[in-house]
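The annotation transmembrane segment is assigned in TrEMBL to 12-34, 46-69, 81-99, 119-139, 165-186, 198-221, 227-250.
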Amino acid sequence: MGSNDIPPSHIPLWIVPTSTALLGVGVVCWCVAYKLMTLETLRTHVYSMPVVALVVNVAWEAVYCFLAVSDASWLEATGIFVWLLYDINLVQATVLYSGETQDRFSLSPRLLHRLLRTFVAKTILVAVVCHWVIASWWLSKAGRGCGDKSGKIWQGLDGYDTTELAFWTASVCQLVTSVSSLSMLWRRQDARGASMPALIWRTAGSVAGLGLANGILWWYWPEAHCYFSQLPAILLNGTALVCDITYGYVLSRYRSVEGRQWPDKRKQGDAFVPTATERTC
């Protein structure tokens, strides 16, 4: 967001295009991560991304794609729309195989599938409304946010900072994704549905799209982007990064244990889904 911003004369002209390019890199990385998670879900018949993380991310992409279109930021809108399509594909795979993930449910696969489908649809709607209310409030008045918003343009109006708006909301979504993913991995006590390449691409996307894209704006244009160095921003993104690093460590440990305990199954190309007895070995 913020590709239409006009920085003050003392700011290098390449700052805004570079930040937009880094955001694009982040979107590409996340698209690859979504694709890898979808393939892992189809391969193992166990969903790869927590439902709550899917819900908040789909809602974010839908709302901010519309905001980008309303601001005539066609490059951003196209990127977020493609991102949304990949996410919807992952949602479909998640709902498709929800009935086969019954670790803690005494329900039939068909009933669990129907309940999750209804739950996902309703919670996405609620999340869209929440994101829209926040965005509408933020853009209802010029100057909202941290610092001097001169040069921050939205729909041709000065003082409306969509960059900071997107940063805070995306940071919350990122934290939800990282914490819930680690929690899901820990609860399952094995590597079903998990993908190390997907984690790497997802983390790279967050670092590029949230960290570097906003960090370069803060470094060269601090009066409008002081939010990046505030304690809440550091806590949100720092906690998410720690969770992602921990996720990678735990996943590698699970892979190592599974490879030693069930080497014949690990060598096969089919999905590896240990039984309840095997998981307690």
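Positions of Cβ are set from backbone N, Cα and C atoms, glycine also.
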Segment proximity, the transmembrane segment (46-69) to the transmembrane segment (227-250), 3 or more C-beta pairs under 8 Å: no
Touch test for the transmembrane segment (119-139) and the transmembrane segment (46-69), at least 3 Cβ pairs under 8 Å: yes
Criterion met for the transmembrane segment (46-69) and the transmembrane segment (81-99) (at least three Cβ pairs under 8 Å): yes
